Number of protein chains: 2
Amino acid sequence: MYDRIKGFRDFYPGEMAARRATIDVVEETARGYGFREIGTPALERAELWTDKSGDDIVDELYSFEDQGGRHVTLTPELTPTVARMVVAKQQALSKPIKWFSTRPFWRYEQVQQGRQREFYQTNVDIFGSSEPEADAEILAWAADALTGLGLTGEHFEFRISHRDILGGVLESYDTDLDTDAAIRAVDKSDKLSQVEYHDLLIGAGLTADQAAEFADLIAGGDLEDVEAFADSERVTDAVENLQNVLAAAEDFGAREYCTISLETARGLDYYTGVVFECFDSTGEVSRSIFGGGRYDDLIESFGGQPTPAVGVAPGHATLSLLCQRAGVWPEEEVQTEYYVLQVGDTRTEAARISRDLRETGHVVETDVAGRSFGAQLNYADSINAETVVIVGEQDLENDEVTIKDMESGDQIQVPVDSFPGDLERPTIDDFE
Amino acid sequence: MYDRIKGFRDFYPGEMAARRATIDVVEETARGYGFREIGTPALERAELWTDKSGDDIVDELYSFEDQGGRHVTLTPELTPTVARMVVAKQQALSKPIKWFSTRPFWRYEQVQQGRQREFYQTNVDIFGSSEPEADAEILAWAADALTGLGLTGEHFEFRISHRDILGGVLESYDTDLDTDAAIRAVDKSDKLSQVEYHDLLIGAGLTADQAAEFADLIAGGDLEDVEAFADSERVTDAVENLQNVLAAAEDFGAREYCTISLETARGLDYYTGVVFECFDSTGEVSRSIFGGGRYDDLIESFGGQPTPAVGVAPGHATLSLLCQRAGVWPEEEVQTEYYVLQVGDTRTEAARISRDLRETGHVVETDVAGRSFGAQLNYADSINAETVVIVGEQDLENDEVTIKDMESGDQIQVPVDSFPGDLERPTIDDFE
């Protein structure tokens, strides 16, 4: 007997039906905003990450050498791939480019609740607009997707910031700082003790006093305080941009879900502007549900024309945890409308009825295992069939079939020629 | 600039929309038969293939050692994975088990038309029935999926055989034969010259005369000739089973697409009974479009209870070639119903209208890039918007917006309060 690999999941039909229903809502919401689906490869050259990304993600790559000697990796996220695709057809694509896709990604991480080594995300990105409306549309889409799943403002919040606020405040220290390291420290701060957090900031180049002061200022989250402290154009511009995004989000219906949180930094180095993370409002799901933000420099660093970009990628594992906790996860049940039961040598007629019912769009099963009446009825029950059509030899001699309602147990004989006839969805009620 | 890896494809929105429409038809057809969707991992232990499968597939594995020292592989096909899943929950699953899924697979092969290293398949399997009706339901589903895409019997045919016909005929030779090698030779015979084909048969243990005789008998495809030649219970049973499957396929509406073809063998070693391949009737797509068959021994060899099984896996690359050639490939066009155009400071009202239209299920875009009237109208045209709603400052002062039909160019002013109002899909016609 073979086992599946740790961190990789099998989805049996009940759970898969719930996942599919969830993905459908998320994708339909994206289509409603005019995002277009794309398809992307599972493997890329490893350099797409080793050249540009933070160390964390590089350490977690499923990378290897293929038979042609290429250094390749299972993709740990989508952003470098969509950036590569934009660069490849930049002239031909009308802007703004609005894309979405749902697919698995892979990272060799510690397996824990809500985090597998194979995980599904729906990525949604806009390329070609630096306007605050683009950031706000990403937030509005994310809010609509979550409310479309039945969640409300009681269940989730978007914590939002701007990379240049942290960057600008750090810049205002007149010392030789490793800014990326300091930002990564802020990003991790909710998982660290105060001592650990301050130590990381000191490691990045702040003094102990500066580290304490900086941590307090950021935790305070007051935009005016931050502007006054930094007294720099960079921070003033960032605060203004953040406020503009929030104003657009107000128009787009997403402002009510947003909280300013300057500790929100996002771990990936390529973010440049507004960044945000979605959290469980109750704190029961302690990690962020998903995150996103602006990455205006990535396309150019991949060799393309300068192209602003903003995106988000809800993960379906954490999303399902949030939905389950909120009591809005779809019921895990298979649904079959008709089971056509054969008694004796009635396959030809049973097959005709099955095909007719399927042609009007119904889910229809019939016996493919040569089973008894009782075994078939049992199976029909196990697949939650609503109506069983019993096609028996004796009934057929009288040109009849029996319609059985599986909820009430009632049954009735009807002329075989009139079933299903022109009826869209015939039930016992149509014949009583 | 980074390149994608050879044999891996990017799908931009136009092409992706056509693929999605095709996958939707194929999956909806499976749902109609009561097949349930499952989700499966991209990585498995390499032993799932190295222990059981033919050499060809093992040579093509994208296998590597993961960070935990596991010998893993990108899955080259789904069958061992679903077999593993059946074994893991065999007692809990009600039989027959009917599963489907659409996802990519990976093989390090020569890249050519219709064959990439990453390729998508929809796998459809039935576990737990050895009856001919199960084989026939797989054929019927495949036929319905293809006709659902607009294809007809003029475009495709199913070439069908039974593994025990070849096996039994080979057994009737009183020599020490490598049966698997001989079957693989038959499977490849249409790609080989007669000399190469006979040489492979001789390599498997036949004499030159026997090889010629065997090749003629199989090419003839006459079931009575084959039965008479072999004169064995095994071949007689196989012929009877094949005929029973074809009779059930007649009832299920798929017989008309089936041709008996004893050269159809399927390369994979795990097949045990009926096997079939789908071909382009015109021969323009020379390789098989897809194949399938019965694999009754696999579950037991994976440590499960003996469980008969039959399945098929249409590949979407070859399927799209077939559809394109037949002129039934969906049009590659993005579709947007409404573009809400902002002139001046009208974002709040434009956003309100966009949200109202989206709530009734429409695809709606509005400006997120701060563009001029002309640039917005140009973009609306590029995304094939049917109706443009122009929200201008002056119109708004009169409590009006302008509705523009993008096909005729006609436009009309309507009260802003009545748009979209209660209308399901308001167009210019509703206001003229």
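Along the chain as shown, residues are numbered 1 onward.
Here the Cβ of each residue, glycine as well, is placed from N, Cα and C on the backbone.
TrEMBL annotates A:E77, A:L78, A:T79, A:Q121, A:D125, A:R266, A:Y270, A:Y271 as L-histidine-binding residues; of A:R107, A:R234, A:R287, the candidate listed for that same site is A:R107.
Listed binding-site residues: A:E77, A:T79, A:Q121, A:R266, A:Y271. Those with a CB under 8 Å from a CB in chain B: none. Along the domain 'Aminoacyl-transfer RNA synthetases class-II family profile' (A:24-133), the predicted structure has mean pLDDT 94. Site extent for L-histidine: among the recorded binding residues A:E77, A:L78, A:T79, A:R107, A:Q121, A:D125, A:R266, A:Y270, A:Y271, the largest C-alpha separation is 21 Å. Same-chain residues at least 6 positions away in sequence with a Cβ under 8 Å from that of A:Y271 (L-histidine binding site) are, in sequence order, A:R163, A:G293, A:R294, A:Y295. Reduced to three states, the DSSP call for A:T79 (L-histidine binding site) is helix.
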